[in-house]
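A short worksheet on the structure shown next.
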């Protein structure tokens, strides 16, 4: 029993990342009808927002401390970040420590503006072109974005720590009444899951309970009729693109402590999140979320030793296998609407 | 001639002449001049030109002609490489059985994957092929390690049980790949004044096979079968309504292009007998898509041009470093020189992928027919006075 709960928990954090990226992807597909291969790159840029903010906070000036000496006997130079200088060591240290959560605020305007620029500057011109062209141009864009990041940040992963409070793990099993040490779970993954739940809930609430969201949903269902009613649906869809970009970016920001950001993390996640979208059903938001968590949990179950000993290698291919079976038996995906992209 | 009309035959002839004279044509600069780094006439790179040319020609039969965008073609290349290396390990160092096996294995593998993937079209087809390729890649890295040797990659060792041949040569080293005794890595160097031209056995084997594949591709393009593939691309639904089952034709195109990829993989392994899983990764599949689109999908010569273009810039652009840039701009005032070097720096050397990505985007946006269409547009500018009727037949159809 505890092993099963442990695997479910392990699957949840990856599943949250899949769900968040797939949510953005399917939001773009459902509204604009565009297949965005650059979405993984947005996730990666989000993670690098966290890196950037951490670097900004750590910009320091050097002072020479006469009282201490280094191993050569010279007076030691001490680096003090400006933040600590301005806010005092305690407050400043706390700000630096909390740079990843603070990067959420920092990344939202950046991601939304990147989304706007992408949509207005490039993707707008590809509505009428075939899906293959959209895939190709966004694939090119993904390469460009990835290379730009690589140019500025180098090719190596950059460790970006979570706040001190959330480092380390805790014994989750004891809380549920299992033996101690049965379920050890890192704090940050729990934070990530909660964060993903909040974001997903926020997006759904936005679409469900605001007038803006209602119009967007109407546009997803029947774009032409909404336009005939005199609503500028394109403008709202552009805003939705920005929101989708922000969702991917936030997923990336919070993922930075779990996996040190590197320039190709977007490409690594892209393929999987596409698979997630297809499994959930193209254009279906609940489907994307459900499939994200489902596949994340399935993947972690498949990596259990008991299962691997029966079916070696299953953990590597389970997601693709599920996708192939779903595509062949139920091409509209788990929760896709009948008739959408069903060829 | 050869069952081709005059235009196609002259195209084949031009490609043949270019391929056979490549050691001269690609070495236009004297070996000791400052421009020598732009020479591409060394065996390794020339082999890559033609091998990836074959790969792209095959991909074009599926994508350019039939209209199915596969994002998993590198899997067939990888499978081809693995089977060729196994042939070297087990049977003999002759390249012919290795290449034959790699084509057959890749063909069977693509039959399996194509049979399943072609049940869907459009983006679902792309994702299915992508999923299959990633599955093969992941498996090659993990469970199939006894066959693929995992991360290290499959290589020849000193104690391979080679049935026709020896496990090691008399001086105790690994034997080299050959074509009935003609060693693949043998290079004849011709020195004419300051120029040095290299003629490599392996390159000529690849070039001949490339010409053969090109010829077959032309025949496919001009055959009733090719017409059927074009019909699938332009309107599959209508094909179905006329009572025709289009799937066997699409599957045939898929298998043919898979066999081309297998041939390319086998040749890669024949030139340098090792095979690694990274050849199957989906970014490698993306590369052949780039080549085909950049050159011009749906045209005969486009994929070859695209493959040559990308491989050339991959090798030459990535060699340009800051000191080379400084020497180029040294005639300018210092400040301007430094500024230009700083501006150009991100796009060359290690950053050449950035240039590639930008170029690819520009081509998809403005020139969907690729380099071939660009050439046609320029040609049209110069011969505007002539009547237009002759050119209509040469115009490429942009990829869908």
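Using the three backbone atoms N, Cα and C, a Cβ is placed for every residue, glycine included.
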Which one of these stretches, B:49-69, B:70-90, B:154-174, shows up in TrEMBL as transmembrane segment?
B:49-69
I'm a bit unsure how to read this: which one of B:49-69, B:98-116, B:202-221, B:325-348 has the highest number of Cβ pairs shorter than 8 Å with the transmembrane segment (B:288-313)?
B:49-69
Same-chain residue ranges lying at least 6 outside the transmembrane segment (B:202-221) that approach it to Cβ under 8 Å:
2-4, 8, 11-12, 15-16, 19-20, 22-23, 43, 46-47, 50-51, 53-54, 57-58, 60-61, 65, 95, 99, 177, 179, 184-185, 229, 256, 260, 263, 267, 270-271, 300, 304
When each of B:49-69, B:123-144, B:248-268, B:325-348, B:354-375 is checked against the transmembrane segment (B:98-116) for Cβ pairs under 8 Å, which one has the most?
B:248-268
Looking only at the recorded stretches B:49-69, B:123-144, B:354-375, which one has the largest tally of CB-CB distances under 8 Å to the transmembrane segment (B:248-268)?
B:49-69
What parts of the chain pack near the transmembrane segment (B:354-375), using Cβ distances under 8 Å and only residues at least 6 beyond its ends?
290, 292-299, 301-302, 305-306, 309-310, 313-314, 317, 346-348, 396-399
